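According to Swiss-Prot:
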- 12-34: transmembrane segment (TRANSMEM)
- 49-71: transmembrane segment (TRANSMEM)
- 84-106: transmembrane segment (TRANSMEM)
- 140-162: transmembrane segment (TRANSMEM)
- 167-186: transmembrane segment (TRANSMEM)
- 217-239: transmembrane segment (TRANSMEM)
- 248-270: transmembrane segment (TRANSMEM)
- 306-328: transmembrane segment (TRANSMEM)
- 340-362: transmembrane segment (TRANSMEM)
- 366-388: transmembrane segment (TRANSMEM)
Amino acid sequence: MTEINWKDNLRIAWFGNFLTGASISLVVPFMPIFVENLGVGSQQVAFYAGLAISVSAISAALFSPIWGILADKYGRKPMMIRAGLAMTITMGGLAFVPNIYWLIFLRLLNGVFAGFVPNATALIASQVPKEKSGSALGTLSTGVVAGTLTGPFIGGFIAELFGIRTVFLLVGSFLFLAAILTICFIKEDFQPVAKEKAIPTKELFTSVKYPYLLLNLFLTSFVIQFSAQSIGPILALYVRDLGQTENLLFVSGLIVSSMGFSSMMSAGVMGKLGDKVGNHRLLVVAQFYSVIIYLLCANASSPLQLGLYRFLFGLGTGALIPGVNALLSKMTPKAGISRVFAFNQVFFYLGGVVGPMAGSAVAGQFGYHAVFYATSLCVAFSCLFNLIQFRTLLKVKEI
């Protein structure tokens, strides 16, 4: 058996996640302009731009369980390579699309073959000692956050100098680099389970520690992503409503970035704290903290105040998705960890699809402040449900 240094894998996986996060954030901000450049009429630009973004998430949600099954059968490293190389084509190929239909088709395929980040997460979760899983997965999550923050700056610079299509070529090169780094440096001593000893998916969900918590954690991932994405479509408009008329996009970008930076700062610390006090305990506290911050955001009186609240919000996010991942890692047999992470990713993707639509609908009916109130209510229900589900386990550190 090959000796694996999980810390070396963590470093490479972190950089791969950084490149993937940067690639995603490089594409999304320019989608409406690119759709317009493809000849779509002004009245349909918003629809097709939204479709190009959401179709990728929907197809990813549908195919994620399939890749999870294959990862448990053949290994997580092959799935990381598969995702990196396939997305090199589907994302880099956007530079050559002649019309909107090819754009939608490639975005659909991108979702079908996506999965670098969840497979990297499953790989590290399968190798790291259980008592350090919170810290390791928290650190790993900062790679995506750092990439997401860096991407728009790089993309804006490249787009201004060379055009939007060049940005897509850059994205393709990022993803190709992530695949090459995985091939060369990620180590996995995967031992395929004999077919007669393999755990069927139905049995896997009942063989995990505390099976009744599994769906609850999936729903928590949905709520976390739903609440985060429901704010996205209205944030710039809310900032303008608070009195910001000059440099609106710049100020809105700063507010978004402030949360990302604080999240990146806190994720590793929160992961270590979760390992020390219990990830389930910290998850409930972090959700309660989120409810308070959402309520404060709803009552912000200036863009500066909103930015401060969003920065404070980011400090708690390091205990949310990384906390869920750590709990899933500790509860699940290693032979089925990729499938469990894949199903969790389905709920995460669905939250990303439903959240923006729900946020826009609430804003249209009740105003921008109402989006934060509604979001805080959703998170409060999830927090209360988790508190009830964890009630017998709050006395112990590990579950």
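Backbone N, Cα and C atoms are what each Cβ position is placed from, and that goes for glycine too.
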Could you pull out which residues elsewhere in the chain have a CB under 8 Å from any CB of the transmembrane segment (167-186), counting only those six or more residues past its ends? 8-9, 12-13, 15-16, 19-20, 22-23, 26-27, 30, 77, 80-81, 83-85, 87-89, 91-95, 116, 123, 154-155, 158-159
Check the transmembrane segment (140-162) against each of 49-71, 84-106, 306-328 and return whichever range has the most CB pairs under 8 Å. 306-328
Mark yes when the transmembrane segment (84-106) and the transmembrane segment (217-239) have three or more Cβ pairs under 8 Å (sequence separation 6 or more) and no when they do not. no
Most Cβ pairs under 8 Å with the transmembrane segment (49-71), selected from 84-106, 340-362, 366-388: 340-362
Report, as numbers and ranges, which residues of the same chain sit near the transmembrane segment (340-362): CB under 8 Å and 6 or more residues beyond its ends. 50, 54, 57-58, 60-61, 64-65, 67-69, 71, 115, 118-119, 121-122, 125, 204-205, 208, 214, 217-219, 221-234, 321, 324-325, 328, 332, 370-371, 374-375
If one takes Cβ-Cβ under 8 Å and requires six or more residues beyond its ends, the residues near the transmembrane segment (84-106) are 16, 20, 23, 27, 34-35, 38-40, 48, 51-52, 55, 113-114, 116, 165-166, 168-169, 171-173, 175-176, 178-179, 182
